[in-house]
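Participant: Let me give you the structure first, and then I'll get to my questions.
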Number of protein chains: 2
Amino acid sequence: MAERTEISSLGEFGLIDHLTKNNEIKNASTIVSVGDDAAVLDHFGKQVVVTTDMLVEGIHFDLMYTPLKHLGYKSVIVNLSDVYAMNATPQQITMSIAFSNRFSVEALDEFYEGVYAACDRYNVDLIGGDTSSSQKGFIICVTAIGEVAPDKYVKRSTAKIGDLICVSGDLGAAFLGLTILEREKKVFLETKGVQPDLENQDYIIGRFLKPEARKDIIEFFAANKIIPTSMIDISDGLSSEILHICKQSKTGCVLYEEKIPVNDMARQFAYKLEIDPTACALSGGEDYELLFTIDQNDYNKIVSNDNISIVGHITEQEEGCLLVTKGGNTHKLTAQGWNAFK
Amino acid sequence: MAERTEISSLGEFGLIDHLTKNNEIKNASTIVSVGDDAAVLDHFGKQVVVTTDMLVEGIHFDLMYTPLKHLGYKSVIVNLSDVYAMNATPQQITMSIAFSNRFSVEALDEFYEGVYAACDRYNVDLIGGDTSSSQKGFIICVTAIGEVAPDKYVKRSTAKIGDLICVSGDLGAAFLGLTILEREKKVFLETKGVQPDLENQDYIIGRFLKPEARKDIIEFFAANKIIPTSMIDISDGLSSEILHICKQSKTGCVLYEEKIPVNDMARQFAYKLEIDPTACALSGGEDYELLFTIDQNDYNKIVSNDNISIVGHITEQEEGCLLVTKGGNTHKLTAQGWNAFK
């Protein structure tokens, strides 16, 4: 970027003013927004849903291939996804960031452009936050607040035996997007100046860099009077998430490999890299799709929606958590999701 | 500490289970707590107050002289203080932390001991959060949620001309506590093995390491049917905070140096260090007292409370923001509060 304004030239309060000067309130429930000790919300007659996520440079993202605008967008999305996973509608976020002095005001502007784009698209108000220095790296902490009609929230722990297991969208592409970006980073570092060869893999790269949250699925539930029996968002891979549902619901499950939705371009690219596309879907993570269970009686309501795949069903706990492969073999599901501490 | 359990031996979900296994719900408004995509709250008939703060190692705290238990306690308190500053009652917090691999499970236990101690004392539920690795240092991000009767919240922007300016407790001691800890750290680093000489300065060190939030003042307001005309918590020093109120309320102010409450031990220690105690109160920060304005008609209600000092009054904007010294001179107030970006 051509211009570079030092953050110290604005000071903390000047920076906050600068970053929030075009911040507009969209929701009637937002009474007091940015600029006081706290925000005030009025979710009259609704229950309030709260979730929070931290994103740390070098752990959750790499600024070598993550544009700041995409990062701002994604840091909002991953939190909204958690709100939708409760069958709730996000209304507000707080955004706290810590950054070292290598960041300029222009860089933060780019980041906030993504934050505001996500807020606009999902009709969410930015109501507060904190800005701080860091000794090293960029750290993001978002809290999202949503609302849900009383007792219409959906937990992880309430799946019942016989329920159908469903997922939205397709799985595994975000992991493949990350894989290609990591590969090209390595090539670039080894042979400086070589331009990355992204092989027109816009779909999988987009799935990683600029995920969306499944607002449409929650709206489909409301329009069709469906309340899932349990729900979770897929951030660590299908396998890890269904194991959460089964553990908390005290059930088992059967998933069918052939039913797991994988995008065609993702599948082709996985074969090219000699990775199993099913492994990407089970353990890849970062898809931000919804995994949910429904009563069998709701089958007819679901089947018309092309964005939803039925991938298995809930069984007794003693039967364990199983995957039936295309070849007809049965494997125990294990959580190989990304573990930040290993 | 004798024992050291590697965090990697628990994994992310094991660690969360470990840190929250004794977490008990205290408030009826907490419907779903830790363990799902999000928490669910029911603040039926109340308005919801939300605030968030980030604390970064090396910027906001120094683990050389900050015990982890105190840090856990303080990281909750600084957020509750913001909720009280809205005339609201905190009910829930989320706690997100990122830490490098030099931290053990025992170290995090110590930190959470302080977190839970603050939650117990202030009757607040820990309802969620995030745990993550960091490349360097310990990063804490807390969001606090409170409730307030509809339209009883108090903003910064609503002080009126003629209002009395009040502060709770005493000011400047936390800065002096920090000063002595920094001094002894320097001596220790220069002459390894020398034990710190804290000169029995328990009061000022305690004010820095283990601040409290002014729950009692909010309860006093409720019991005496007082609604301040404006309020803010004092985290950056009296000067910076009164300037926020005046700027947002479009007013001026006069503060009287002789009225600013400074603890006797703090005053003596300031003289010993040849620092002006008033400068500590104006610009020191980290006191977490409340600064508020009241209508003159509420004078009789306030005057009986020994924990509240009247330090000045609100004037027309054109008159500026002024300090009248003990010697009778008049100075313009300037914000010399701690600025993280300088």
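A Cβ is built for glycine as well, from the same backbone N, Cα and C atoms used for every other residue.
Curation does not apply to TrEMBL; its annotations are automatic.
Take a look at what TrEMBL says about it:
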- A:35-148: domain 'PurM-like N-terminal' (DOMAIN)
- A:ASP37, A:THR51, A:ASP82: Mg(2+) 4 binding site (BINDING)
- A:ASP37, A:ASP82, A:ASP233: Mg(2+) 3 binding site (BINDING)
- A:THR52, A:ASP53, A:ASP130: Mg(2+) 1 binding site (BINDING)
- A:ASP53, A:ASP82: Mg(2+) 2 binding site (BINDING)
- A:HIS60, A:GLU286, A:TRP338: substrate binding site (BINDING)
- A:TYR112, A:GLY129, A:ASP130, A:ARG156, A:SER235: ATP binding site (BINDING)
- A:ASP236: Mg(2+) 5 binding site (BINDING)
Participant: Take the C-alpha atoms of A:ASP236 (Mg(2+) 5 binding site) and A:HIS60 (substrate binding site) and report the distance between them in angstrom, rounded.
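Facilitator: About 12 Å separate the Cα atoms of these two residues.
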Participant: Tell me, what is the mean pLDDT of the domain 'PurM-like N-terminal' (A:35-148)?
Facilitator: 94
Participant: Sort the residues of the domain 'PurM-like N-terminal' (A:35-148) into helix, strand and coil with DSSP and give the three counts.
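Facilitator: So the domain 'PurM-like N-terminal' (A:35-148) is made up of 34 helix, 46 strand, 34 coil.
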Participant: Report, in sequence order, every one of the binding-site residues (A:THR51, A:ASP53, A:ASP130, A:ARG156, A:ASP233, A:SER235) having a CB within less than 8 angstroms of a CB belonging to chain B; if no such residue exists, report 'none'.
Facilitator: A:THR51, A:ASP53, A:ASP130, A:ARG156, A:ASP233
Participant: Restricting to the same chain and to sequence separations of six or more, state which residues have a Cβ under 8 Å from that of A:GLY129 (ATP binding site).
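Facilitator: Set apart from A:GLY129 (ATP binding site) by at least 6 residues yet with Cβ under 8 Å, we have A:VAL34, A:THR94, A:MET95, A:SER96, A:ILE97.
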Participant: Indicate the candidate from A:THR52, A:SER235 with the smallest number of other Cβ atoms within 10 Å of its Cβ, considering only these binding-site residues.
Facilitator: A:SER235
Participant: Counting across all protein chains present, how many other Cβ atoms fall within 10 Å of the Cβ of A:ASP82 (Mg(2+) 4 binding site)?
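Facilitator: There are 28 of them.
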Participant: Of all the binding-site residues given, A:ASP37, A:ASP53, A:ASP130, A:ASP236, A:GLU286, which residue's CB has the most CB neighbours within 10 A?
Facilitator: A:ASP37
Participant: Determine, to the nearest whole angstrom, how far the Cα atom of A:HIS60 (substrate binding site) is from the Cα atom of A:ASP37 (Mg(2+) 4 binding site).
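Facilitator: A Cα-Cα distance of 30 Å.
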Participant: Can you tell which of the binding-site residues A:ASP130, A:ASP233, A:SER235, A:GLU286 lies nearest to A:ASP82 (Mg(2+) 4 binding site) in space, using Cα positions?
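Facilitator: For A:ASP82 (Mg(2+) 4 binding site), the spatially nearest of the binding-site residues is A:ASP233.
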